[in-house]
Amino acid sequence: MAERRLLILYGSQTGTAEDTAERIGREAKRRHFQCRVEALDSYDVANLINELLVVFVCATTGQGDPPDNMKMFWRFLFRKNLPPSSLCQMDYAVLGLGDSSYPKFNFVAKKLHKRVLQLGGNPLLPVALGDDQHDLGPDAVIDPWLLALWDKILALYPLPPGLEIISPDVRLPPKYTLHYLSEDSMHPDGDLLQPTAARAVPSELHPFAARMVSNQRVTAESHFQDVRLIEFDTVGSGITFSAGDVVMIQPQNCPEDVQQFCQLLRLDPDRSFLLKPTEPGTALPALLPQPCTIRHLVTHYLDISCVPRRSFFELLSYFSTNELEREKLQEFSSAQGQEELYSYCNRPRRTTLEALWDFPHTTSAIPPEYLLDLIPRIRPRAFSIASSLLAHPDRIQILVAVVRYKTRLSKPRRGLCSTWLASLNPEQGDVRVPLWVKKGGMKFPADPDTPVIMIGPGTGVAPFRAAIQERVAQGWKGSCLFFGCRQKSKDFYCQAEWEELVTKGFLTLFTAFSRDQEEKVYVQHRIQENRRLVWELLTSRSAHVYLAGNAKQMPAAVAEALQSVLQLEGDLSPSEAEKYLTALEQTQRFQSETWS
């Protein structure tokens, strides 16, 4: 009988694809498959030709890009020299996760499906396109698709005689078991963040413990938003970067939350344990030291401040000893309860810790070995680097808006990483932050004669500060910046720096202070007012245009302003102006980086 092996490979940026891949893995175990769930880049892609049954789960990021943990796989798969029959023995299915408000909706999943087909793979189903914009989220597509997928797979690989599908009422074993160590083998966990080994380039698995040098508020005290310019010392790290690159920071939970969590679950934060995989072949979590304390696990690894997903409530329902709580948890994990779950979790941005408070009987019954199945790991956060190595050797500066907003819950919502960074005070001793650098999406021209038009409202100005510093250090002129904020007196970041560069002739600056007058003025209005200059830079001097900032209305408004410049100054028709902009994007002369 054919070996019943299933491989699930995922490419995930924010954790949704990973969560979905794990869900498919659990369903496979209920159907008695030997199943592995791996990130695409941690799987040895050369083995793909030997796989008989593979499910790919992949997200699309940014402008149709693959997630960071599938980039190497992506490059390999599109090599020209792969024979067209390489994957002819593979049955496969592709599940995509995307957002239909982006132009390249689920681009990665569609392209992957097509490529595996070109290489001889046999698709079990058409590619599934999960959509964040759907009222019920991606599950609206995933649920029916998975039912069809299991029908297909079980027709090819029937259950062995005498075995039934394990009922959804039965709890599956945890991924790991915890082995508590005796008191005398315990050690304090202050030394767990080891400095990076010499010569290893810092990475997610080996971050560099950078010393925070300064943490300065750059908005007026009376301004509603707290924005920080934070500087790190990277001496000895081997870190290099150029303008447009990104620093990744690994945040941690605050001590109060850690204490609350341990009290709720009746855990002793100072107990030490070793982790053992339940099944041979399961890798241990890369970032957890062995042995580890409960306090370290909760502080540095478990994301207790994230909004919990459906899978959290599903697993939680198995531990519930209280009938009312169990019914509610089962409703939240059912297909019919998704609207209810959305109102409970996503709308008010309720955290995992708060959800655990709401189910106290269940929470106190959670077996500690299930913690790593129940709660995802804390993901690193990306920040555009706001300084240049040429201007500030061995330093990295970032501009951080401290995330804080109200929902209908009484406690304000806070961003995990920005709140943690803002709380650190380098004047009170040695403060260390785990970080590493990765290539950013924006590339600036290497030719000193190419002018650059940068449009960066708010903290969107961060990568442009790096680019301008880099250009100034090389003696290059021709930098033009459109900067927008609310009020000149309250949130005009780096004002003195920009004004000095204008005086010295290195920078042309246009500012839009939206609340300083009756009618609101934004960067797009300044672009239209200065259309003659923008047109001349674009057409006579082949300028490159860059846009960074919040993804809500701003990018569309800026694109519209640029199109109107082309129409009014260049006599182009609306469709010609649109084509012109598209051509600029295709030749990398118009690049944007936006975030929601």
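Cβ coordinates are placed from backbone N, Cα and C, and glycine is handled just like the others.
Per TrEMBL, the feature FMN binding site maps to 12-17, 59-62, 97-106, D132. Look at TrEMBL and you will find R349, R381, A382, F383, S384, G415, L416, C417, S418, W595 tagged as FAD binding site. Look at TrEMBL and you will find T459, S514, R515, K520, V521, Y522, V523, Q524 tagged as NADP(+) binding site. The annotation domain 'Flavodoxin-like' is assigned in TrEMBL to 6-150. Look at TrEMBL and you will find 205-445 tagged as domain 'FAD-binding FR-type'.
Shown here: features listed in TrEMBL, placed on the structure.
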residue	record	contacts (Cβ under 8 Å, 6+ apart)
G15	FMN binding site	C306, P376, R379
G62	FMN binding site	G441, E593
Y102	FMN binding site	T60, Q63, G64
F105	FMN binding site	T60, G98, D99, L129, D131
S384	FAD binding site	G244, V246, I398, L399, G440, A462, P463, A466, A548, E593
L416	FAD binding site	P251, N253, D303, S305, C306, I378, R381
S418	FAD binding site	V400, A401, V402, V403
S514	NADP(+) binding site	G484, C485, R486, K520, V521, Y522
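The shortest Cα-Cα distance between A382 (FAD binding site) and any of the binding-site residues S12, A59, V523, Q524 is the one to S12.
Counting every protein chain shown, 27 other Cβ atoms lie within 10 Å of the Cβ of V523 (NADP(+) binding site).
Taking the Cα of T459 (NADP(+) binding site) as the reference point, the closest of the binding-site residues S12, A59, R349 is R349.
Maximum C-alpha to C-alpha distance over the listed NADP(+)-binding residues T459, S514, R515, K520, V521, Y522, V523, Q524 is 19 Å.
Secondary structure counts, DSSP: the domain 'Flavodoxin-like' (6-150) has 58 helix, 35 strand, 52 coil. Here the Cβ of T459 (NADP(+) binding site) has 25 other Cβ atoms within 10 Å, regardless of which shown protein chain they belong to. Neighbour list (S12 (FMN binding site), Cβ cut-off 8 Å, at least 6 residues apart, same chain): E18, D19, A21, A39, V57, C58, A59, P67, N69. Here the domain 'FAD-binding FR-type' (205-445) returns a mean pLDDT of 95 for the predicted model.
Most Cβ neighbours within 10 Å among the binding-site residues A59, A382, V521: this distinction goes to A59. On a Cα basis, R349 (FAD binding site) lies 32 Å away from Q524 (NADP(+) binding site). If you take the Cα of V523 (NADP(+) binding site) and the Cα of R349 (FAD binding site), they are about 31 angstrom apart, rounded to a whole number.
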